[in-house]
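Asks: Copied straight from TrEMBL:
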type     : residues : note
COMPBIAS : 174-195  : compositional bias 'Polar residues'
COMPBIAS : 257-278  : compositional bias 'Polar residues'
COMPBIAS : 310-333  : compositional bias 'Polar residues'
COMPBIAS : 380-392  : compositional bias 'Low complexity'
REGION   : 174-218  : region 'Disordered'
REGION   : 250-333  : region 'Disordered'
REGION   : 371-396  : region 'Disordered'
REPEAT   : 101-134  : repeat 'TPR'
REPEAT   : 518-551  : repeat 'TPR'
REPEAT   : 552-585  : repeat 'TPR'
REPEAT   : 586-619  : repeat 'TPR'
REPEAT   : 688-721  : repeat 'TPR'
Amino acid sequence: MEAMLVDCVRNSLSHFVYKNAIFMCERLCAEFPSEVNLQLLATSYLQNNQAYSAYHLLKGTHMAQSRYLFALSCYQMDLLNEAESALSPLNEPGAEIPNGAAGHYLLGLIYKYTDRRKNAAQQFKQSLTLDPLLWAAYEELCILGAAEEPSAVFGEAATLSIQKQYMQQLPSSLGLNTYNDERNTTSAKNTSSEDYSPRQPKHTQGHGLKDISGNFHSHGLNGGVSNMSFYNTPSPVAAQLSGMAPPPLFRNFQPAVPNQNSLTTDNSPKSTVNSTIQAPAPRRKFVDEGKLRKISGRLFSDSGPRRSSRLSADSGANTNASVATVSGNGNNTSKYLGGSKLGSLGLRSVTLRKGNSWANENMDEGWVRGESFDDSRPNTASTTASMASSDAKSCDQEDEIMSQRITIGISEILSLLRTLGEGCRLSYMYKCQEALDTYMKLPHKHYNTGWVLSQVGKAHFELIDYLEAEKAFRLARQASPYSLEGMDIYSTVLYHLKEDMKLSYLAQELISTDRLAPQSWCAMGNCYSLQKDHETALKNFLRAVQLNPRFAYAHTLCGHEYATLEDFENGMKSYQNALRVDTRHYNAWYGLGMIYLRQEKLEFSEHHFRMAFLINPSSSVIMSYLGTALHALKRSEEALEIMEQAILADRKNPLPMYQKANILVCLERLDEALEVLEELKEYAPSESSVYALMGRIYKRRNMHDKAMLHFGLALDMKPPATDVAAIKAAMEKLHVPDEIDESP
């Protein structure tokens, strides 16, 4: 009954019928109360977005998997101190972090959001050491600015780690426990190499939370896809989804066993990157343990239906071997065959030809009665020996082929991750042009995916190349219409381009796709902000913050709207909240600098602009405002140096050239200022402030006709109302000597 309920719960989870999974798991826990069953119930709650239920259910538990699930529920409820205590108890400083790489990754996130960046980076690095394919950990390192070169992370050490991980995980998935290995080693010394020892296999053990179909009672709830599926080896999950009985883990369960003669061999597995669970295929039969020790590194596919399998054995075989026995109404008993220890890395499928039917039948009877089985009939050993010898030769060839496939598969994946990792690392270092060049090295099928195109769009956005950014994000939408990755930045791109119709359409699409995603409400807020409805925009941004308080960009957008509404106090709070989430979120440092600049708190302004500059040293906008703050602090020479850097960083950006001209005017270097403005007119021919500043320079030089001409040109370009008033005031005072209007 227990195994039947467990299988029902897993089946419901695998089909996303969470309500049924919770109901049946409650029945399971009521009938068979145990901490392992509580873990399954907690997982059902977590899958159903009921972290609070899992929290109360697992509070006070001590098993490793329980601690991990409890920490995960605490993390989702923003109880970070309790989550940390569950993963790394204070009274046990040397305790092992549960769930391996996934546990270290979760602890890294906790450290990150409690402002312990160095500890977070250590945990992310440790998770990558345990599992080099945990890309999320490397991306977090990039966000923290602590990522190593991808060649070091996804290099030779990663290859060896994957091989080691693969070899360690396969025995658990095939039932190669140490106890049975030792027993079989002893048996091999006392019997011929043709003897066979039935075993009960375990399910594949993974790393993440989402793999809910694994052997829950054998290993706790270990999620993720194991390395078997990585190489497209059939997985035991398929057998569970097929309606066949699961392994006989509990004495209460008595499944009916199908005819063992229906077993057939399956095809050899192929090594591919993205494997999917397919329909259950008949399971291969395996050669004996002794023979496999001579042929090292033999891996078995174990995805077929849980069918009865009996192998002939010699009279010297161990009669007390650990064998899982399930009987039901006098039917045949189901037993499971394991394999050997793993030698060199190799994925091999070994076919065992059937012995005589009398051997199977008599062995069944012997196992059912718990009696020793005496197979002393002649010719069996010699026949089996010749078969095993033939199988060994064919397996050697198959081993070499599969080893090559595995090596090639690992090499291809790590090569791909090195390219993606380098692009991601450069992006978060804000070396955007280098990142774009790196992404161009990707194969077309990977470049034209939603994630990569979104990263390309972000890089163009940071380069203030909004047209190219819009193009990249548009392609990303076409590649992944229902992905929200980067859509908050896309909406900001459309805001800067003043594409109100496109922005409105995007916002409506995102809201219809997912009303509970912060990106959707950021897009809606940008739409209202473009229409100058800042109060409604602020409400939308606050909704985004409410949906995900760890979404730094939503906090920053709130700060921008507060600053526009001149609510500087709340604006500063929003920017500070963004920095609590991500200390490298340079937009928030920039926002604080702008508020302090408007409040004429120049030292604070310069500090915050410099912090933003240290994070993003290639932003011409940040350099421009840093130069402005330095100029206001009477440090004009430093300001000019920064402005020169800003101009070199982006010649298309008119702001640093304009600010440089302003500084030169204040330094009475009027001719140089005019040269800069004449060059600037080519880049920004419709910028009214350029002509207004030229008018003030000509006025200063008593060239009243040219001054009036440029003031008139500035007014023709429809400047903001504040600029209109300043320009008209300058025109009225045109003949007043020594009068310079320093306002833009």
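The backbone N, Cα and C atoms fix where each Cβ goes, glycine too.
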Asks: Taking a Cβ cut-off under 8 Å, which residues six or more beyond the ends of the repeat 'TPR' (101-134) line up next to it in the same chain?
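Replies: Contacts with the repeat 'TPR' (101-134): 68, 71-72, 75, 80-81, 83-84, 87-88, 140-141, 144, 146, 148, 153-154, 157-158, 161-162, 165, 207-209, 223-224, 230, 413-414, 417, 550, 580-581, 583.
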Asks: Is it possible to list how many residues within the repeat 'TPR' (101-134) are helical, extended or coil according to DSSP?
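Replies: DSSP composition of the repeat 'TPR' (101-134): 27 helix, 0 strand, 7 coil.
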Asks: On the 0 to 100 scale, where does the mean pLDDT of the repeat 'TPR' (586-619) fall?
Replies: 95
Asks: Take the repeat 'TPR' (586-619) and count its residues per DSSP category (helix H/G/I, strand E/B, coil), listing them in that order.
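Replies: DSSP composition of the repeat 'TPR' (586-619): 27 helix, 0 strand, 7 coil.
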